[in-house]
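Participant: The structure follows.
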Amino acid sequence: MSAVAVDVRGVSRVFAGGGVGAVTALDDVDLTVAAGEFVSLIGPSGCGKSTLLRLVADLDAPTSGTIEVFGRSPEQARLAHDYGIAFQQAGLLPWRTVRANVELPLALHGTGKVARRARAEEMLALVGLTDFADHFPDQLSGGMQQRVAIARALAEEPSLLLMDEPFGALDEMTRERLQNELVRICAETRAAVVFVTHSIPEAVFLSDRVVVMSPRPGRIRTVVDVGLGRAAGREDGVREDTAYFAAVTAVREALRGGALVPARGVDVP
Amino acid sequence: MSARTLPAPGADADAAQRVLAPVLLGLAVLAAWQAAVTLGELPAYLLPGPAAIASEVVAFLPAIGGAALVTGTNALVGLVLGSLAGIGLAVLAARTRAVDALLGPLVAALAVVPIVALAPVLYTMYGASSEVARQLVAALAVLVPVFVNSLRGLRQVRPVHRELMRVLAATPRQVTRAVTIPAAVPFVFTGLRLASSLAVISAIVAEYFGGPRSGIGSFITTAAAGSNYARAWAYVVGGIVVGLVFYVATLSAERAVTRHHAPGTGPS
């Protein structure tokens, strides 16, 4: 496996506006995500963070610049099922059971019934929903639905997980619990993650690096190295750590305006 | 059994009240009707009493049953034919924009045609001794609601599902089977429920315009023409039963397939 999961070079995306002129959603963006690294994209609405994720996922094409996913084009990576994705809406198929939803990617790609079932069991155990395998999505809470969506995204053991505000519609308590779970899951699967969010604490808690973006045109303003230690050891306690607060402050300052912040090991006065 | 699986204490009473109230109202209306007929000495051609109608129903039960079977069969054949045609055309229209552009106005035109008015024409085409004309009338009446609802259903794929299928590199056939058809099914069944009543009504009314003396509609006209008013009403009761059977059957089918489709249940 290549040591680089995602390589974005000089990427711009201009949407031809109807009458009001073109909108530059992304302007000359460079970003590299290493294999196994957790990177969050954060910024105000209109900063192009979701657009960038969609470009990596081959749901959209850049106006200029190149994107590589494990050394391949996004389209090749998509066709090769190199990545899993979770959207803000869980997007489960309501007529399928939880188990059948998790099995969906495997079923579409021709995995045998027995292997499919075993893998779904494993994934449901990973997200703690073993007991709900035969339920239908409408019988689950929003947080549980999102966990099923994550299980589905991980079903094919992707080396890259793309997440577009997956916890955006959930309440704060559920959010924090799912964040803890995501940290544990990432430690277990060793997948690289690109995570779009507009929550500073969420970005800092989850990430190795937080990419702060600014709008109109969408650019990367700065990258904050968080360095809260190995994902495996990270727990709720981290949320009360000085290093955590320092990183939160660093990201907030970067979002607010301006000065490049020396991120790693920021001292709080 | 644990207490949790038992209905809430008030549920039984609620259900009883829900069933009991309309039944009581119906009985009261029947009693008032009978009282008005008896005390008011209404002539039978104006309005026969429920007792007279009931005794005719009992006396002619085999005949009413046979007529209901004929009309029910016509309506069923029409429902099946019209639904197959409606669903088939909807699939074509959903797949090809040109077909949609052609069919849209045509179906709209068909929707305003009083279809039972075609019955006399169809009788001359297919012969006055055949049930085909009645079945075709029912089929045409069914076609419109099934087509319109199916087409709407086939366009219900949510953007998040479309993107998911793209991300999963699903083939067009896989998208159809995994997402498009399941999303359309509840709409198709709603169309079937609406169409089922139309099928029965059209089959009965088509009999008023001629054809063999076999179904509910033709016996209603015969009885009324022979001044057997209570008997005509007895056949009307038979028609109501046929309509109810169709409605309840399609409603149950709709309920069964839409059990987990309920919209607005969480951000799925």
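From the backbone N, Cα and C atoms, a Cβ is placed for every residue, glycine too.
Annotations in TrEMBL come from automatic prediction, not curation.
Quick paste of what TrEMBL says about this protein:
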- B:20-39: transmembrane segment (TRANSMEM)
- B:51-70: transmembrane segment (TRANSMEM)
- B:68-253: domain 'ABC transmembrane type-1' (DOMAIN)
- B:76-94: transmembrane segment (TRANSMEM)
- B:106-126: transmembrane segment (TRANSMEM)
- B:132-154: transmembrane segment (TRANSMEM)
- B:175-205: transmembrane segment (TRANSMEM)
- B:232-251: transmembrane segment (TRANSMEM)
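Burial and contacts for the listed features, if you can.
Facilitator: Counting residues 6+ beyond its ends, the transmembrane segment (B:51-70) has Cβ neighbours under 8 Å at 34, 44, 131, 214-216, 218-219, 228, 230-231, 233-235, 237-239, 241-242 in the same chain.
Packing against the transmembrane segment (B:175-205) from elsewhere in the chain are residues 71-72, 74-76, 78-79, 82-83, 86-87, 115-116, 119, 134-135, 137-138, 140-142, 145-150, 152-154, 156-158, 161-162, 165, 215-217, 220, 239, 242-243, 246-247, 249-251, 253-254, 257-258, 261: each is 6 or more residues past its ends and has a CB under 8 Å from a CB in it.
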Participant: Which bits of the chain, at least 6 residues beyond where the transmembrane segment (B:232-251) starts or stops, bring a Cβ under 8 A of a Cβ in it?
Facilitator: 48, 53, 56-57, 60, 64-65, 67-68, 71-72, 75-76, 79, 189, 192-193, 195-197, 199-201, 204, 216-217, 219-220, 223-224
